[in-house]
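Heads up, the thing below is written out as structure tokens.
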Amino acid sequence: MTLFKLSLSNMKKSLKDYAIYFFTLVLGVAIFYIFNAIETQTAMMRISKDTREIVELMANIISGVSVFIAFVLGFLIIYASRFLMKRRNKEFGLYLLLGMGKWKVSKMLFIETLIIGLVSLGVGLLSGIGISQLTSLLVANMFEADMSSYNFVFSSSAFVKTCFYFAIIYVVVILFNTIAIGRCKLIDLFQRGRKSETVKMKNPWISVFVFLLSVAGLGYAYYYINSNTTDLYMKDIYFCIGLGCVCTFLFFWSISGMLFRLVSSVKRVYYKGLNSFVIRQMSSRVNTNVLSISIICIMLFVTICVLTSALTIRNGLNEGLRRYATVDVNITRQVRSSDYDVAAGKGADEDAYYDPTWDKRDICDIYKEHGIDLPSMFSAYEDVYIYSLPDCTYGDTFSEQAKDAFLGDQPMYGMMDIMENVMTVSDYNRVAKLCGFETVSIKDDEYGIVANYKQMVTYRDMSLQAGMLIQVNGYELKPGMSKCQAGDIQISTQAINIGIIIVPDGVLAGVTPISESLLAIYNTTDTDKIMARNEHINLDDDPDVRLSLNTKEKVKAASIGLGAIASFIGLYIGMIFLISGAAILALKELSESTDNVERYKMLRKLGVDQKMINHALFAQMGLFFLFPLALAVIHSIFGLKFSRQILSLMGTDDMGAAMLMTVVVLVVIYGGYFLITYFSGRKIISEQ
């Protein structure tokens, strides 16, 4: 009982001195619960079948990521325990000196860890359960779910998973503490607080050489990863990441050897106020924490890139949904396969297909045969045909300059033999008006190109500006425009149209189309009615007709789901990495503040006022927090440039809003940890 009271007293003392440790534990537990409870929350919402499947996929991904997150949090908690033990070296030494055995000290630590673990787990779970009710609104907003039947939700699976993972973490912490106590010596416990950190002065010339080497290595990695994104293999990306990590370590190693000498050489700065004290302290801290600062820098870099990229994907998909999914329904009917020769009446193989009734019945007629009156469901619709001709391939429509550029960027040699999609100008313009795109205007001897896939538009524009003449069904046509016109004839969330050749109406007379496409807008905006109609007109499983149905609701569900997965995984990983990095820095700084109490006492005895001491402490902590963040931001500039090039292939590259959101998260969490650390450190040095 006495041991329990002693443990309880020590726990209260630890909570007072190391509130950041307890706060981080609670935050970690809460975040872990919140993200693992998402699937249970959505079970109470009215969402479509497609959306439900995406939610289940997201839950499975989050479950897998949670294992990795548990390892990160476990490392953080074990790492933090080391500082708690260091803070109490004299206390443990006194217990041993008074006759308490190491087993009893270990038992006392076990009780303390158990109490702190249970309290932090309890507070974290309560916080997580409460906050998760608010995140339900965010989830519902993302998936556009009906919340009318939503009630308070408790996720038993998330609760069990959180308790299980954190129980394992605390068991490892207890084992770590027991081993540490068992290996300690009495004399070391009393003298560690008095021993100054042994700082080995580095050869300045070696430091300069390593600094230049690290900068050159980082510069090469930045250039290599962004020089030709489309030609990179995974091994190239791994090489750049590995080189970046090594050079980050070398950068901080060299800086630790150069910092003191560089600043001390500028006398006006070095001898101003307490700068000499601050610089010596900073040089010592960086010198003895090179590895941890490097790891934190990389974690911050991952946080910035993952969070920004994830939010960019979501924002881009939402914008794409608004711009490119402008109709409710797109039904495509296959008229013939590309390898079927209508004139010869046969195909290249037995799988070749041809529907001889294409000119006798359209898509609406097929549905009428199945008892479905399509026109009565629509407020507007258009039925058009798409053609492919053997004399109109990519090789026939690309200029030599465009071919060289295309094959140089992405050597897909078979691409030049693929037949283009061709439409008549009247058919396309009817679809363009329905979808809200600009119509095409060409003369009888001209052609135009409609495309919006960014990379392909570049090659198309080269061909148009070169005055590329093309042959279509025996007609020679010249460009009727100098640049591609943006547009598409399908429901999508991205700019993925690589090109449609638009020709005058008479050019395709007598040619059999390859497909028929119907695009329509429902005469209702009621979501339930729209979803019911989508199910009603779905003939995809009918073997007698080759129809393919795509709907705005289906595309929206996939888009929202992908955006939600990217957002939640990005937030999950980003916030845990950010919290872990900030917490490690905070604990290091508080530990240093405790160790430097005597130095601050000496400054007071020398006549330094408290305001100057506080300013010196603020400068030390500010620089210590700034060092890894500054290099992480530089890494992120080039990392996000690479990410933007990849995302641009999806038509999603506007990072402005996502970067602003990332900055807000960084300022709130990282800046918050810094301020808490500063005020806690100021309290430590003031109370002594």
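Yeah, the Cβs are placed from backbone N, Cα and C, and that goes for glycine too.
Curation plays no part in TrEMBL annotations; they are all automatic predictions.
TrEMBL annotations:
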type	residues	note
DOMAIN	65-175	domain 'ABC3 transporter permease C-terminal'
TRANSMEM	20-38	transmembrane segment
TRANSMEM	58-80	transmembrane segment
TRANSMEM	109-131	transmembrane segment
TRANSMEM	164-184	transmembrane segment
TRANSMEM	205-225	transmembrane segment
TRANSMEM	237-263	transmembrane segment
TRANSMEM	290-313	transmembrane segment
TRANSMEM	560-587	transmembrane segment
TRANSMEM	612-638	transmembrane segment
TRANSMEM	658-679	transmembrane segment
*asked:* Could you tell me the mean pLDDT the prediction assigns to the domain 'ABC3 transporter permease C-terminal' (65-175)?
replied: 76
*Using a Cβ-Cβ cut-off of under 8 Å, list the residues of the same chain that are 6+ residues beyond the ends of the transmembrane segment (290-313) and lie near it.*
244-245, 248-249, 252-253, 256, 562-563, 566-567, 569-571, 573-575, 577-578, 580-581, 584-585, 588, 627-629, 631-633, 635-636, 639-640, 643-644, 647, 650, 652-655, 657-659, 661-662, 665-666, 670
*Count the Cβ pairs between the transmembrane segment (58-80) and the transmembrane segment (560-587) that lie under 8 angstroms and are 6 or more residues apart in sequence, then report whether there are at least 3.*
yes
*Which of 20-38, 109-131, 164-184, 205-225, 612-638 has the most Cβ pairs closer than 8 Å to the transmembrane segment (560-587)?*
20-38
_Spatial neighbours of the transmembrane segment (612-638) far in sequence, C-beta under 8 Å, 6+ residues away_ = 218, 221-222, 225-226, 244, 248, 251-252, 255, 273-274, 277-278, 281-282, 285-286, 293-294, 296-298, 300-301, 303-305, 308, 581-582, 585, 588-589, 593, 600, 603-604, 666, 670, 673-674, 677-678, 681-682, 685
